[in-house]
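Read through the structure below, which is laid out as structure tokens, and then see the notes.
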């Protein structure tokens with residue numbers, strides 16, 4: 001029995017019930033509502049999940065991964081060969097191509113990604129040192145953080161970076177569409 005059928009049967013049954021029969025369910029609903037209101041008085045929402053961390057637009061951007069470098073090279077070729085493919089289908093095709101690419105053939109992309117990552121790490125260290133004059137004087141680049149908090153921030157940065165990369169891909173694809 002699917003939900004819509006079940007719901008219809010419940011509705012029909014409710015309409016045929018006497019007030020006395022309905023009273024039992026109404027009492028249960030009132031008791032559940034009272035329990036809910038009691039629990040909500042003491043409920044404290046988890047910190048930091050709803051607030052989005054401020055991201056400085058002047059901060060260095062994270063470098064693309066080897067896969068994204070591969071995609072930026074092969075996307076125009078795929079679009080040229082298959083102009084009717086949707087963005088999602090192009091992405092699937094690129095993913096398949098990457099997975100079928102031999103490790104030796106991935107090497108240039110991985111090397112370039114590693115170089116870009118090194119440059120990013122230097123840039124972000126300089127950026128953080130510049131943003132904190134006291135830390136720069138002492139030679140400290142990163143403030144110490146609890147492991148859990150650091151992991152949460154890293155997860156947020158990764159999500160934001162993925163969103164940025166997707167936006168950049170969309171912009172690149174729009175530019176490619178405009179060129180055609």
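From the backbone N, Cα and C atoms, a Cβ is placed for every residue, glycine too.
The following features are taken from Swiss-Prot:
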{"type": "DNA_BIND", "residues": "1-44", "note": "DNA-binding region"}
{"type": "MOD_RES", "residues": "8", "note": "N6-acetyllysine"}
{"type": "MOD_RES", "residues": "10", "note": "cysteine sulfonic acid (-SO3H)"}
{"type": "REGION", "residues": "54-73", "note": "region 'Cytokine-stimulating activity'"}
{"type": "MOD_RES", "residues": "55", "note": "N6-acetyllysine"}
{"type": "DNA_BIND", "residues": "60-128", "note": "DNA-binding region"}
{"type": "MOD_RES", "residues": "71", "note": "cysteine sulfonic acid (-SO3H)"}
{"type": "MOD_RES", "residues": "92", "note": "N6-acetyllysine"}
{"type": "MOD_RES", "residues": "93", "note": "N6-acetyllysine"}
{"type": "MOD_RES", "residues": "106", "note": "N6-acetyllysine"}
{"type": "REGION", "residues": "115-148", "note": "region 'Binding to AGER/RAGE'"}
{"type": "COMPBIAS", "residues": "126-144", "note": "compositional bias 'Basic and acidic residues'"}
{"type": "REGION", "residues": "143-149", "note": "region 'NLS 2'"}
{"type": "MOD_RES", "residues": "145", "note": "N6-acetyllysine"}
{"type": "MOD_RES", "residues": "146", "note": "ADP-ribosylserine"}
{"type": "MOD_RES", "residues": "147", "note": "N6-acetyllysine"}
{"type": "MOD_RES", "residues": "149", "note": "N6-acetyllysine"}
{"type": "MOD_RES", "residues": "150", "note": "N6-acetyllysine"}
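Here the features listed in Swiss-Prot are painted onto the structure.
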residue	record	DSSP class
8	N6-acetyllysine	helix
55	N6-acetyllysine	coil
71	cysteine sulfonic acid (-SO3H)	helix
92	N6-acetyllysine	helix
106	N6-acetyllysine	helix
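Within the same chain, no residue at least 6 positions away in sequence has its Cβ under 8 Å from that of residue 92 (N6-acetyllysine). Note: the Cα of residue 106 (N6-acetyllysine) and the Cα of residue 8 (N6-acetyllysine) are spaced 57 Å from each other. For residue 10 (cysteine sulfonic acid (-SO3H)), no same-chain residue 6+ apart in sequence has a C-beta under 8 angstroms from its C-beta.
Packing around residue 71 (cysteine sulfonic acid (-SO3H)) is summarised by its Cβ count: 22 other Cβ atoms lie within 10 angstroms of its Cβ, all protein chains included.
In space, 93 is the closest of the modified residues 55, 71, 93 to residue 8 (N6-acetyllysine), judged by Cα positions.
Sequence-distant neighbours of residue 93 (N6-acetyllysine) (same chain, 6+ residues apart, CB-CB distance under 8 A): 78, 82, 85. Counting only the Cα atoms, the space from residue 55 (N6-acetyllysine) to residue 71 (cysteine sulfonic acid (-SO3H)) is about 26 angstrom.
Taking the Cβ of residue 106 (N6-acetyllysine) as centre and 10 Å as the limit, one finds 16 other Cβ atoms among all the protein chains shown. Around the Cβ of residue 8 (N6-acetyllysine), a 10 Å sphere holds 10 further Cβ atoms from the protein chains shown.
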